[in-house]
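Student: Would you mind keeping the following structure in view while I ask a few things?
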Amino acid sequence: MTSLEMALEYIKINNVKFLRFQFVDIHGEPKNIAYPVKLGTADGEEELMGVLENGLFFDGSSIEGFVEIEDSDMVLKPDLSTLSVLPWRPSEKSVARIICDVYRKNGKPFEGDPRGCLKRVLAEFKEEFKGEYFVGPEPEFFILKNENGKWVPGDDAGYFELEPLDEGNDLRRNIVFALENLGFHVEASHHEVAPGQHEVDFKYDNAVKTADSVITFKTTIKTLAKQSGVLATFMPKPFFGMNGSGMHCNQSIWLDGKPSFYDENNAHQLSDICLSYIGGILEHTKALVSVTNPTVNSYKRLVPGYEAPVNIAWANSNRTSIIRVPAARGKGTRVEFRAPDPACNPYLAFTVMLAAGLDGVRRKLIAPEPVEKNIFAMSEAEKREANIDSVPSNLYDAIEELRQDKVLKKALGDHIFNKFIEIKTKEYDAYRTAVTDWEFNKYVRI
């Protein structure tokens with residue numbers, strides 16, 4: 001969908017009655033304004049063409065991370081290429097959504113728009129390097145059922161299990177059909193390691209399209225789960241003693257229209273650019289995780305054990321390091337950053353990952369030697385000797401690392417950087433001062 005006329009025709013053919021103008025807040029939570037389509041009225045088509053071309057005004061003061069009430073008039077400008085009918089809504093009176101960029105009333109892009117932030121960094125990358133950034137995420141999630149008023153895993157199945165143990169198979173299949181109707185190229189779906197845990201993989205794309213897809217992916221899964229009487233959660237660690245949900249991010253950069261990570265004559269068949277990119281990610285990891293793992297709960301997943309990616313090192317096939325380079329070479333050469341979880345804002349996560357990697361490329365950092373042994377089995381002394389550090393153990397420490405990171409601050413921009421730190425510091429303080437059931441049960445008899 002690249003023109004107003006094509007968008008209008010799509011809306012007519014699909015009998016769209018409501019059009020959701022969608023955007024995200026600083027957390028990556030989708031928001032929308034539903035516009036009623038009135039093509040049967042005298043002015044309906046003209047009004048629709050007007051909002052598709054010029055956007056919708058809205059009050060941004062109640063959107064977390066946006067603006068104050070005294071300067072709250074903002075505009076949602078739709079990206080026509082994202083217009084899609086929602087397959088879970090009735091077809092006779094269809095609902096469609098269109099993803100928007102956020103602008104100020106003076107016509108300038110809003111510096112606090114996460115999607116706009118990613119687009120700005122990508123534009124700078126393209127201008128400097130003639131570069132493109134591709135990402136292929138692997139978001140995991142849990143399907144929960146309600147038992148006696150308590151949410152519990154939807155089944156007792158394990159990795160790659162089949163029916164009848166995999167009780168989420170039918171729902172997962174319906175999710176795949178819905179995603180395909182929304183334009184996804186779904187590559188695989190399966191039950192994950194933990195009870196009630198699932199994964200649906202879709203093909204990589206450029207960073208903006210992929211970030212859009214992550215938001216659509218989560219909305220689709222949560223909606224279909226609710227319609228099935230269960231709960232889908234992308235919480236990183238919903239249950240103690242079980243694996244958490246990650247969102248491994250496979251990524252590559254192309255320069256001058258060509259993949260840049262492969263060099264058949266270099267060590268590990270990885271180019272100097274790829275090794276420098278890895279070096280940049282490793283150098284900024286402690287600050288990166290504040291954005292890629294942005295909740296208090298994220299750090300309950302990032303603990304030793306449960307295959308958690310806590311070790312700041314890289315490897316080829318070794319999944320005990322935070323960066324892995326999968327076996328594919330040639331055009332398929334990519335870097336997998338294993339820390340992120342699906343609670344992140346994908347626009348901001350992709351922004352800081354690219355910024356960190358490109359910092360390594362610009363400075364021609366040399367990645368350390370890959371660690372091909374099981375880091376989980378290494379003692380603390382062995383890890384120190386090998387210069388293998390760990391990610392921050394909590395959100396507060398990660399935020400403190402972000403405060404000091406000038407590269408990530410520049411990438412995010414002052415508005416998002418300051419708002420993000422302010423919001424996340426308050427979130428951690430609320431957690432720090434809360435009295436948990438564990439504490440009460442542990443200490444009530446003192």
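Cβ atoms here come from the backbone N, Cα and C positions, even for glycine.
Pulled from Swiss-Prot, these are the listed features:
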type    : residues                                       : note
DOMAIN  : 14-107                                         : domain 'GS beta-grasp'
DOMAIN  : 114-446                                        : domain 'GS catalytic'
BINDING : Glu138, His248, Glu336                         : Mg(2+) 1 binding site
BINDING : Glu140, Glu192, Glu199                         : Mg(2+) 2 binding site
BINDING : Glu187, Ser252, Arg319, Arg324, Lys331         : ATP binding site
BINDING : Asn243, Gly244, Arg301, Glu307, Arg319, Arg338 : L-glutamate binding site
Student: Looking only at the domain 'GS beta-grasp' (14-107), what are its DSSP counts of helix, strand and coil residues?
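Tutor: Result for the domain 'GS beta-grasp' (14-107), in helix, strand, coil order: 20 helix, 39 strand, 35 coil.
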Student: To the nearest whole angstrom, what is the C-alpha distance linking His248 (Mg(2+) 1 binding site) and Arg338 (L-glutamate binding site)?
Tutor: 4
Student: Quick check: of the binding-site residues listed here (Glu138, Glu140, Ser252, Arg319), which one has the Cα closest to that of Gly244 (L-glutamate binding site)?
Tutor: Glu140
Student: Would you list the other residues of this chain near L-glutamate - those whose C-beta lies within 8 angstroms of the C-beta centroid of Asn243, Gly244, Arg301, Glu307, Arg319, Arg338 - in sequence order?
Tutor: Gly246, Tyr306, Ala308, Pro309
Student: Run through Glu140, Glu192, Asn243, Glu307, Glu336 for me and report the binding-site residues whose CA is within 10 Å of the CA of Ser252 (ATP binding site), in sequence order.
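Tutor: Candidates kept after distance check: Glu336.
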Student: Starting from the Cα of Glu140 (Mg(2+) 2 binding site), work out which of the binding-site residues (Glu187, Arg301, Arg324, Lys331, Glu336, Arg338) are within 10 Å.
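Tutor: The binding-site residues close to Glu140 (Mg(2+) 2 binding site) (Cα within 10 Å) - there are none.
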Student: List which of the binding-site residues Asn243, Glu307, Arg338 have their Cα within 10 Å of the Cα of Arg319 (ATP binding site), in sequence order.
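Tutor: Those near Arg319 (ATP binding site) - Cα within 10 Å - are Glu307, Arg338, in sequence order.
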Student: What subset of the binding-site residues Glu187, Glu199, Arg324, Lys331 lies within 10 angstroms of Arg338 (L-glutamate binding site) at the C-alpha level?
Tutor: Arg324
Student: Can you name every residue in this chain, apart from Glu138, His248, Glu336, with its Cβ inside 8 Å of the center of the Cβ atoms of the recorded Mg(2+) 1 site?
Tutor: Gly136, Pro137, Gly246, Met247, Cys249, Asn250, Arg324, Phe337, Arg338
Student: Tell me, what is the mean pLDDT of the domain 'GS beta-grasp' (14-107)?
Tutor: 91
Student: Tell me the coarse DSSP state (helix, strand, coil) of Lys331 (ATP binding site).
Tutor: helix
Student: Could you check which of the binding-site residues Glu138, Glu187, Glu192, Lys331 is the closest Cα neighbour of Asn243 (L-glutamate binding site)?
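Tutor: Closest candidate to Asn243 (L-glutamate binding site), judged by Cα separation, is Glu192.
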Student: May I ask which residues of the same chain, at least 6 positions away in sequence, place their Cβ under 8 angstroms from the Cβ of Lys331 (ATP binding site)?
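Tutor: In sequence order, Pro259, Tyr262 meet the Cβ cut-off.
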Student: List the residues in the vicinity of the Mg(2+) 2 site, defined as same-chain residues other than Glu140, Glu192, Glu199 with C-beta within 8 angstroms of the site's C-beta centre.
Tutor: Glu138, Pro139, Phe141, His190, His191, Val193, Gln197, His198, Ser245
